[in-house]
Structure formats: structure tokens, C-alpha cells
């Protein structure tokens, strides 16, 4: 409601970005984990976050339709490029919203003129549903392809199917008549590498040969993946979720969602998963789906020419990505709403649901796992949980929170170390070393040798009469006369105890390797490794509780509900709860995570244990730091992201944050009719600011409007080419009426059309709590600070982020409230009318401004352009 009032009152504005040099952009790319040049390529028209040069934009700067500052009022034709955005800049959400409203009004006003205009109106109305349908279809098809290829290449490390080379191990043995129940994984058609190379199926020689071939294939897949990423698409590395969160908040990263990134990420994701690294494909699938949504949005002008509308498609695409990653359509919608989306209107909710539905339907039609399910580890339990079990479930939640806090700190420390040392300059060597260590340690342990998804499936599965896993090696009751689904609790056998030791070693291995793997220069997701760690810990706890209930069933905690010979404890349920707790501890997801895991298992009655464990893990993790892993990586890379979940509790004022500060150069401003073209071009060349306040004159300092650097440059270049008489000495006029000039003066240049007549302003005494809230809810890039209409300075998104980081590091938490000694502060302005230098109304620890930065320090946004 407040934003609607602002629209009607005329708060339509352009935006301001602080521009840095080309070297700072390179530093930002390096912070994002990529190295690439800035030469444009033939794909830029598709990869750009903006439309190509030549696209005509119309926009309003006033609050009404008939605003006198319409772009077409004073020019014969629109200026190509005005209203677009540079790379590594933030969009102006309000301006984009105004552009969409004007487009919608124009279409509605013409739809009754002819049948063709009515058809165009219907096409525009249905374009949103068409683009999310195409995104869902492509996401489901690519996810099925990735699942099938990853399973085949994972089994390729151990052997090959001679009867059909494209079959994986399980498919190869489906049609074999020689397969026995006890050895269901062995069949004559499947040959290990030892059998093919040295002709031995058993013995030390066979083991060593299989060991060598396992390492060889793992290194080959890892090397090929990192090489493709480095050469063709540097943006294809990582999970992509931190960058997608930043893009959805309004940041432009050209090429991150382009077709080259999509193609290379799809191929290298298969290679990375098949290499056996401690990573998953679920996070990168969100990136893949968003690439599909971005590419398809260029087919529809409604989305290709409006960055805010395009982000609605990306929100729906992220829901489709989680839908195919976990087989959880509803969880995908909630994930998009809770975790990644910055602007999520109601119609985006509907379209996200539809995109997730289409993607899940396509994946189910492909049936990549051959089990008529959307995911590999779909399980169903038949035993209810009991009230006493909430205690071990909460303990698993505590473990998940501790693991999440440890992982975030350790991984961020390692990534910071990588960025600040020479080791980060050799990404291929790092991937090879990590893959070699992983393969050497993983092969001897059957639980680490397994594909991580297969491991989770085995840990989730309840022990039935047909299970042959060592986790189900219980001592059977010889008096049992029939096979039933619910097997009573039994004493653990030798195989179970052996499996527990192997799982403990696997747990340590997964914890260590996941810290060093997440962030390397290959596609790497975090969902599956975190779930595997929690599933291992949960299965161990479940077996322990099961044996405790069997041997001490007469204890009061078991006596009421666990009788002798009853099936009381389900260890697989503990694995599921532990998986959810560890994933929640790392990502700090709550509602969407519970729904995702619920859709994985298909059991309604286990929601309460999941909720208890997930909330406990979040509380424990928040005790050590409120940031999730994605927010931590956003801050590490220096992306301009204002987290809506973070509360601003400090008491500074707008005057404390605005620029210029004391000892800074004065604010660069333009006058409305006293400057020439040469004056403006010199100011643009001598400064790095991305926008300039326009004032009436140097004497009055009264604010007239705001002009963007990019729009000024484009407008002047266009005027020189298309208008006769425009020279360097031509007077530039931002006023509505051109002042009288001598007859011999050159033709003036009228630029009122590119001037934002209603830039967002706050007074110097506005609390920063309100300013931060305005930036978050309206998507501002900058606001001007005034006093009685006189421009004092400017606050950009970058300034706010730097201020938040400074307060986070140096503010005394016991600082008194701002009104505690309010009367002791001097007036804001001295007798001469000039503003006094102000200090923060909070207690700041002394900071040595002249000390040199060490190599290991990472300063927020030192290379980011807003």
C-alpha cells in the first residue's frame, strides 16, 4: 500500500550507481571465482542482462501518464540505450515497474482498435504462462538427461556393460538370467576393469587394478570438467545459488545465465558428479533451470526489455530447478519464495507452481531412475514415531546446527585463503588434487565409493526381508515362520557393527572433503553432501537407539510403547531427520526444507520430527552466526545484496552514511542551464560517479533532478550524430524552457527528457533504519540527502553495505540508544549555514585508517559497482 502511494505521488525515478574502473570489475570476477576478459562476443545479445543497443525504450519520470518529462516529449525519437544498464550494476525496480505499467496501458488502449491488436494483447497476457511452460519443459528434460548420464559415468569407473555400452550396472543386469538374489549386482554381461585388463575377477591383483582404474577415471572426469569450465564458461563453476540470489535482487551479471553457461554447466555437472567429488547436482540444477528461463524470456518482448519482469521468470525457474532436483514441486515453490527470490508477487507464485508442475511431469515421463519416482531415494516407512524419539531427533538437530556453523566458517576461511594466495591462481591443479585425494581415500570404503545419492538411498531405506545390505545384517529369530513387512527389532549382527565403523570413517571423510570441495572451479552443489553427512549420523544414532530399546525394553521410557518382538525404532527415519537437520544447519532453510523432505518420503506423520530437528538446527546455527552458506558466499564475493532477513538495530542517521564525507572531494553536481557540452564531458571523464544531481545554480544548490552518467553519455553522442549545430560549446539545458542566448551562440542541447525530476530524497536526520528499509522494499540504488531542499550528499546501496559491514565489525554492542544524549550533540549546521562534520551516534572502536591491508583481509564491496 505504501509503495502504491509512492507511485501515485510521483516517485518515479532513474537510478544511480557508483562506477569503478575496469580493474575493479576484474577483481569482482575473481571474487566470484572466475577469470575472463571483457571483450564482447557474438553471444552478448543473448547473454546480456540488458537488451542490445538499438532497442527503443520509453519511460516516465513523473507520477502521471501525462507527465511533462516523458522521454518522447522533447525529442523526435527515442534515444537508443537510454534506460538500460551496464554490466555489474543494479537495476532500478521502481523504474522497471513504471515501464511495465506504461506498456500495459498502451496495449490495453489499443486492443479494441483491431483484431490484430486484440491478438497482440492476448499474446502479451499469455506470454508469462508460455515462458514458464517452456522453462519447465527444458528443466525437466535436462534434469533427466543429467541423471541418466551421471549414473552411467559413475558406474563407468568400476566397469562396463559388454552387451550394451550405454547401460549402467543396474540396467546391464536387469535382463540377465544368471543373476542370483544374493549376488544381484553380479552378472556375466557386466565386466569390471580388472576382468577386462588382466582377466581376474578376484584377488589382490584384481583389487589393485580396479583401484587404479577408479582413480584414473575420477581424475579424467575432474580434469575434463574444470578444463571446459575454464576455457568456455567460467561462470559455470560453483552451485550458482549465491549469484542467482544476487541477480534476483536486481544485480546485472551478463553471461551468467547465457546459453554457453547452460551448455557447459550441463556437461560439466555430469562429469563432476561422476568423478566422485563430495558434491551434488541439486544446487547447480537451479542454475541450469534459471539459464533456461533467461534464454526463453528473450522470445517475449514483455520480459526481454524489462529486467524486473525477467526476474519473475527466474523466480519461477528456480522453483522448477528444485522440483526436478528433489522431485518436490511444492518444496521448489517454497524454496524460491523463502531462499532465493527478492520480489515475489502473487502471480509469480502461481507461475512458479505451474513451472514446477511441468518440470516434475517431464522428469516423471523420462523416469531416469527406472523406479517410477522423481528421485532416487524415495522411501516409505510403516512404523509410527513415538514421543520419546523427539529427544534423539532434537539431538540430531543440534548436530546439524553445529555442523552448519563449522562448515560455514571453515569453508569461508578456505575460500578466503584461496582468493588471497597463489593457490587460487591454479584452479585446474586444485581440482586435480582434491579429486585425487577423494578417489584414493574413497575407494577402500564401500560407503564412500558409492555415489552420494546411492549412499543416501541406502541409509534412508528401512531393513526389510529382502535387504542384503550389511546395515541389515541382524541376527534373525529362527522361530519366525513367515515374512512380514514390519520386522521386529533384532540384535545387531557382525555386519551392522562393521558397517557402523565404516560409516564413522565415511562421516569424517565427508565432513573434511566437503569443506575443501565446495567452491572449486567445477559445478558443485551442497544439498546432497550435507544430506549425506546428516544421514550417516542419523543412521548411527538410529541403530544405537534401536539396540538400546531391544536390550533395555523394560526401561520406563520404552516399557509403555515398545514391547518385546515389536518393530519400535526405524533407523532409516533417523537418517532422514539427520539429513534434513544438517541441510538446514548449512542453508538455514526451514519451511521449504521440511516440505522438500516430506515430499521425498511421502509420509505425513513425520512432519513433526522434521520440524523439530530443522528448527533446532537453525537455532543452534544462528547462535554462532545468522548467515547461511549462500549469504556468506555473497558477502565473500562482494555482491551488492541487502538481505531482507537481517535486522538493522543501529542508530546512525543518513548524514553519517552519505557521501561526500569529511576530507572527501565535494559532491559533483550539474546546473540546469549554465553548463556546456564540454563541461559535462569533462566532468564525466574526470570522475567515476555514475550519476549527478542537477541543481538550479551553484549559489542556490536547490535540487532539480538527477541525471545518470550512462544516459548523459548516450544522449550527447546521439545528439552529435543526429542533430545539427551541437558542438562542444553548446549550452546544455535541463530546464523546461531554454534561457535566452545570444544570436551567435550554437544550438543548445535539451536534455530534460533524460532527467529524473523526482529522485528519491531523505533528510539528513532520517534514521538509517528507515533508509535501509526503504532500499530493501523499493529496490533503490541511491537516494539523495537534502536539508531544506539543498543537496548535501548521496547514499548508494554500496554505501549502505559498507556501513553495515563497518558496524558489524566495530560497533560496541552496549552502545546507548541515539536519544540517550541527544541534547549534547551540536546543531547539524553552523552559523555560516554550512553543515558541521558529524560522527556516528554509536560507539565505534578506533580504526587506524592509514594501516595497510594484509593479503588475507577481504573488504566488502571493494570491487563492486552498484
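Heads up, the Cβ atoms here are built off N, Cα and C, so glycines get one too.
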Listed range which TrEMBL flags as transmembrane segment, given the options 191-213, 214-236, 352-374: 214-236
Tertiary contacts of the transmembrane segment (313-337), as residues 6+ beyond its ends and Cβ separation under 8 Å: 128, 131-132, 135-136, 139-140, 143-144, 244, 247-248, 257, 281-283, 285-290, 292-294, 296-297, 303, 343-344, 348-349, 351-360, 362-363, 373-375, 378, 527, 589, 591-593, 595-596, 598-600
The domain 'CBS' (755-813), counted residue by residue under DSSP: helix, strand, coil: 25 helix, 19 strand, 15 coil
For the transmembrane segment (256-277): best-contacting stretch of 214-236, 386-408, 499-520, 532-553, by Cβ pairs under 8 Å: 214-236
Same-chain residues near the transmembrane segment (499-520), Cβ under 8 Å, at least 6 residues beyond its ends: 33, 226, 237-239, 277-279, 403, 407, 410-411, 414-415, 418, 427, 430-431, 434, 437-438, 441-442, 445-448, 455, 469-471, 473, 526, 529-530, 532-533, 536-537, 539-540, 543, 629, 633
Contact set, same chain, for the transmembrane segment (214-236): CB under 8 Å, 6 or more residues outside the stretch: 29, 32-36, 153, 156-158, 243, 253, 255-256, 260-261, 263-265, 267-268, 271-272, 274-277, 427-428, 431-432, 434-436, 438-440, 443, 449, 520-523
Cβ contacts the transmembrane segment (386-408)/the transmembrane segment (126-150), at least three under 8 Å, sequence gap 6 or more: no
Number of helical, extended and coil residues in the domain 'CBS' (658-722), per DSSP: 24 helix, 18 strand, 23 coil
Distant-in-sequence neighbours of the transmembrane segment (284-301), which means Cβ under 8 A and at least six residues beyond its ends: 46, 127, 130-132, 134-135, 138-139, 142-143, 146, 238-241, 243-244, 247, 257-259, 261-262, 265-266, 269, 310, 313-314, 316-318, 320-322, 324-325, 340, 359, 523-525
Chain residues in Cβ proximity to the transmembrane segment (126-150) (below 8 Å; excluding those fewer than six residues from its ends, i.e. six or more beyond): 266, 269-270, 273-274, 281, 285, 288-289, 292-293, 296-297, 299-300, 302-303, 312-313, 316-317, 320-321, 323-325, 347, 351-352, 354-363, 365-369, 376, 451
